[in-house]
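Written below as structure tokens is the structure these notes are about.
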Amino acid sequence: MCGTSTSKQYDDTEPAQAPMSRHMGIDRPAPGSGIKVNFQDSKGNLLKTVEANEGDDILAIAHEYDIDLEGACEGSVACSTCHVILPPEYYDLLPEPEDDENDMLDMAFGLTDTSRLGCQVKLTKEMDGMDVRLPAATRNMFVDGKKASH
Amino acid sequence: MKLAIIGGGPSAFYVASRIFQLLPAAKPSSPSLRIHLFDRLWAPHGLVRYGVAPDHPEVKNCTHKFDAAALDPRLRFFGNVNVGDPANPIPHAINLPLSSIFKNYTHILFSTGCTLPTLHPALPPSTYCIPALSLVHWYTQHPTNPPPPPLENVSHVSLIGNGNVSLDVARMLLTNPDVLSKYDVPQHVIDHLSRSNVKHVSIIGRRGPLEAAFTTKELREMINLPEASMIPLDLDSMVPVSKDSLTRQQSRVLQLLAKGSAKPYGTTSKTWSLDFLRSPVGLAPPSATSQAQLKLAHTKVDAKTSRAVPTGETSVFSTDLVTTSLGFRSPPSSLFSSEDLGHLRTISGRLVSSSGHVLQNAYASGWASTGAKGVLASTMIDAYAVADTILTDLMPKDEPVKTTPASPTREQGVADDDVAEIVMNPNPHPEDPPEEIKEALKEGMVTTYSDWKKVDEEEVRRGEVLGKERERMGWEEAREFLTKTKPRT
């Protein structure tokens, strides 16, 4: 089963390359020149402060800096895996979520009044210094989220 | 660790991907690691390939992450291999006994999903009563190869259950085949849908709009169908006056339902309805002069228990095709399955034997463990938690991995002692799959991930020619294609 014609190698047939990241890459700004974003864990502890450019979205920024934020549908607003929680003052700077984003937020775990999908939050200069909190995700949701039996 | 994962769906790949992420190959402290995935289907990705609705292509983007996991040299995929389950409906899959997995691996993870439809006791399958899963398998060209539904002779369809699968089927029946033909729908399915005479789809649920199983997105897609309209609902009679305790999703669903369909009722040739508070009690077969008669008990939702209780009234629908969409379960024949639960018995992702003891180094994830519920995001979160459990058990205690808090509750039937049963081999061959697999690989009866990627590329290429996302291959066609493209060695 070896000798595949594709450029990537599966099934340990060849020395493999590092798994690639599919998310649209963004360019890091020169240190000190970008818009600062503080990623926090679900308890509000700082994970990492990073810099990005105007127009970059939170999901792409998280990927660029190895923050544990998933984008299962790769930013096409078909899942809720990149759910983030913003401080109210920054949340209010954003345009209202569209219906499709709200439909996905309906299914997000640990939804708050200032929740957004990271892929839909595009940085502006006013957001410099914004805290972005990742929601808690535990397996207990299968107990909590269990529907009453019919 | 040499881990066998039974199943190659999203849960299996998310677990593998998470383990690779937490134990990078390049890191010297990472232990030796091999992950072999076995799928009874020849193609990987489970419900992402054979379940996700064709008009939701963006959901399938998750396969890029699965491809990335498969690029890790520590992973191998073996498709068309049925492990352990004697009730396997895939005729061409080779059978591998579980004992062979136990002998050749140090760890096992069941990510086998819920492959059987839950049936309704009053609605046994027949030519005019078909599980929704058979329709899904038909339009995704699943290797079980069910016959197409008799849509040419069908005007009225009754879908029992109002979850997202039910709405997927409704959209397939109410969307113009010309629209569907640009997606990943096999040409023979498009041809069949073009001959459909379906005029009305009734979506029947035991409980009311607040308890409906569909999500807002799927309801909105129904509401926005360009060629079908919804019969307006009398919501006031179904929803309590006080709306204070509604969840966000419930409020938004009610708003959508109150607004009604984008195309007003009466302006389209095709229609649909949400028939809430109705529970099937019987189905009389069609005769030469009449359609099938579906008898429905009227119900109300008990405010305390949220259960549907009959009011004593009944009514009858004349219908041509009944489709049951009531969820899924794992085969009762499969080892470690609990008939009451409809899935494997686990505690925090660890597998529990029939005697109630935890099996050492044996785990379950995804629908096989949780039952058939939740969307891809919940499957991912569960898979990451199970990956954490596996690594917590694997790694020395002074080197904790990042873990997700596990539920401490003991499920019913779990023994109170801490005895673990041992079935796995602590010292198998470090690399090789079982002998049976090595043999079957030589005969071309097992697909590898690189085989799949060749088929995947070819399917997309064939799709491009036809102006669509992809044109699928079946097993015979894929096997022939792979034989042709394989370099002689």
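FYI, residue positions are counted from 1 along the chain as it appears here.
Cβ atoms here come from the backbone N, Cα and C positions, even for glycine.
Matching B:Glu152, B:Glu218 to the NADP(+) binding residues that TrEMBL gives (B:Asn162, B:Gly163, B:Asn164, B:Val165, B:Arg206, B:Arg207, B:Gly374) identifies B:Glu218.
For the FAD site, TrEMBL gives B:Ser11, B:Val83, B:Trp367; the one candidate out of B:Leu47, B:Leu119, B:Leu123 that the record lists there too is B:Leu47. Between the binding-site residues B:Gly163, B:Gly374, B:Gly163 has the most other Cβ atoms inside 10 Å of its own Cβ, all protein chains included. Residues listed for NADP(+), B:Asn162, B:Gly163, B:Asn164, B:Val165, B:Arg206, B:Arg207, B:Glu218, B:Gly374, cover a largest CA to CA span of 20 Å.
Here the binding residues for FAD are B:Ser11, B:Leu47, B:Val83, B:Trp367. Their largest Cα to Cα distance works out to 18 Å. Chain A lies within reach of B:Arg206, B:Arg207, taking the binding-site residues B:Ser11, B:Leu47, B:Arg206, B:Arg207 and requiring a CB-CB distance under 8 A. Counting neighbouring Cβ atoms within 10 Å of each of the binding-site residues (B:Ser11, B:Asn162, B:Asn164), the lowest count belongs to B:Asn164. Of all the binding-site residues in the record (B:Leu47, B:Val83, B:Trp367), the one with the smallest CA separation from B:Arg206 (NADP(+) binding site) is B:Trp367.
In terms of C-alpha distance, the listed binding-site residues B:Leu47, B:Val83, B:Trp367 place B:Leu47 closest to B:Asn164 (NADP(+) binding site).
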